[in-house]
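Peer 1: Relevant sequence annotations retrieved from TrEMBL are reproduced here:
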| type | residues | note |
| --- | --- | --- |
| TRANSMEM | 28-51 | transmembrane segment |
| DOMAIN | 44-295 | domain 'G-protein coupled receptors family 1 profile' |
| TRANSMEM | 63-81 | transmembrane segment |
| TRANSMEM | 101-123 | transmembrane segment |
| TRANSMEM | 144-167 | transmembrane segment |
| TRANSMEM | 199-228 | transmembrane segment |
| TRANSMEM | 240-263 | transmembrane segment |
| TRANSMEM | 275-297 | transmembrane segment |
């Protein structure tokens with residue numbers, strides 16, 4: 001195995017995932033809170049999906065989007081955490097190139113899908129608050145399904161070229177990925193030859209997803225805020241603010257670690273590498289764990305069923 005680390009490879013070698021660089025001795029114990037977060041995420045999101053499916057009153061646009069978010073969170077966390085825990089607890093660091101590529105595809109695709117679903121939920125809240133009488137006609141069930149399908153297709157279309165670009169690279173010096181899972185730039189850094197196309201396309205995808213989605217979400221909530229402040233009833237204003245607050249919390253838990261991870265990959269050379277990796281892991285675990293709690297607590301029907 002040691003000869004794999006520095007000698008020449010075929011075009012597509014197996015990789016070794018380090019886990020958390022600098023904390024290899026401590027990561028056995030660090031894995032326990034991560035496993036608890038993962039268990040809560042799996043149980044919470046499956047419960048949320050079952051409730052939304054079985055309660056007819058929840059077959060509305062907002063809860064259909066919540067179901068899409070729950071499914072996305074399940075795929076996102078499950079594509080990374082089991083392998084991560086096997087590294088921390090069993091020392092199973094090796095991952096083949098196809099498996100690495102598949103993990104990378106699911107992580108980046110469903111991260112993009114999650115951002116798109118949050119954008120669609122912001123649009124739903126905008127229509128519900130600003131055009132309440134036309135909400136059911138504008139965002140009917142077929143329209144919601146179509147919007148969700150477009151978000152999924154966008155994720156697949158944007159991320160698939162990343163995998164093709166990685167497949168054409170050769171890896172000839174080092175097969176050790178200083179990360180706990182296969183992440184695009186972490187893999188690109190191991191390639192020999194010109195990787196500018198990979199780096200530029202990665203920046204393009206990040207720009208399209210984060211800037212476009214965040215901008216649309218910001219515009220939606222600006223218009224929502226204007227509409228809410230014009231409501232004559234204080235109770236109606238508080239109810240609208242309360243509904244939107246839960247969405248804002250969900251968005252902050254996703255975009256804050258995502259932006260930190262994206263920026264530190266390119267500009268955060270002074271930030272300790274283990275901090276970057278821990279935040280990247282939290283990025284995959286915190287939203288899936290918090291989303292079912294936030295929406296479960298905020299939804300009376302779900303809260304009553306749980307009680």
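Note: Cβ is positioned from N, Cα and C throughout, glycine not excepted.
Relative to the rest of the structure, where do these features sit?
Peer 2: Outside the transmembrane segment (28-51), and at least 6 residues removed from its termini, the chain residues within Cβ reach (under 8 Å) are 20, 58, 66-67, 70-71, 73-74, 77-78, 81, 84-85, 88-89, 278, 281, 285-286, 288-289, 291-293, 295-296, 301-302, 305-306.
Averaged over the domain 'G-protein coupled receptors family 1 profile' (44-295), the predicted model reaches a pLDDT of 84.
Proximity of distant same-chain residues to the transmembrane segment (63-81), defined by a Cβ-Cβ separation under 8 Å and at least 6 residues beyond the stretch ends, is recorded for 34-35, 38, 41-42, 45-46, 48-49, 52-53, 103, 106-107, 110-111, 113-114, 117-118, 120-121, 124, 141, 144-145, 148, 151, 180-181, 250, 284-285, 287-288, 291-292, 295, 299.
Among residues of the same chain six or more beyond the transmembrane segment (144-167), those with a C-beta under 8 A of the stretch's C-beta atoms are 12, 61, 64-65, 68, 101, 104-105, 108-110, 112-113, 116-117, 119-120, 123, 184, 187-188, 191, 197-198, 201-202, 205, 208-209.
Beyond its flanks by at least six residues, the transmembrane segment (199-228) meets 108, 112, 115-116, 118-119, 122-123, 125-126, 129-130, 158-159, 161-162, 165, 184-185, 188, 237, 240-241, 244, 248, 251, 255, 258-259, 262 of its own chain at Cβ-Cβ distances under 8 Å.
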Peer 1: List, by number or range, the same-chain residues at least 6 past the transmembrane segment (275-297) whose CB is under 8 A from its CB atoms?
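Peer 2: Tertiary neighbours of the transmembrane segment (275-297) are 19-21, 30, 34, 37-38, 40-41, 44-45, 47-48, 66, 69-70, 73-74, 76-77, 80-81, 84, 107, 114, 178-181, 183, 246, 249-250, 253-254, 257-258, 260-261, 264-265, 268, 303, 306.
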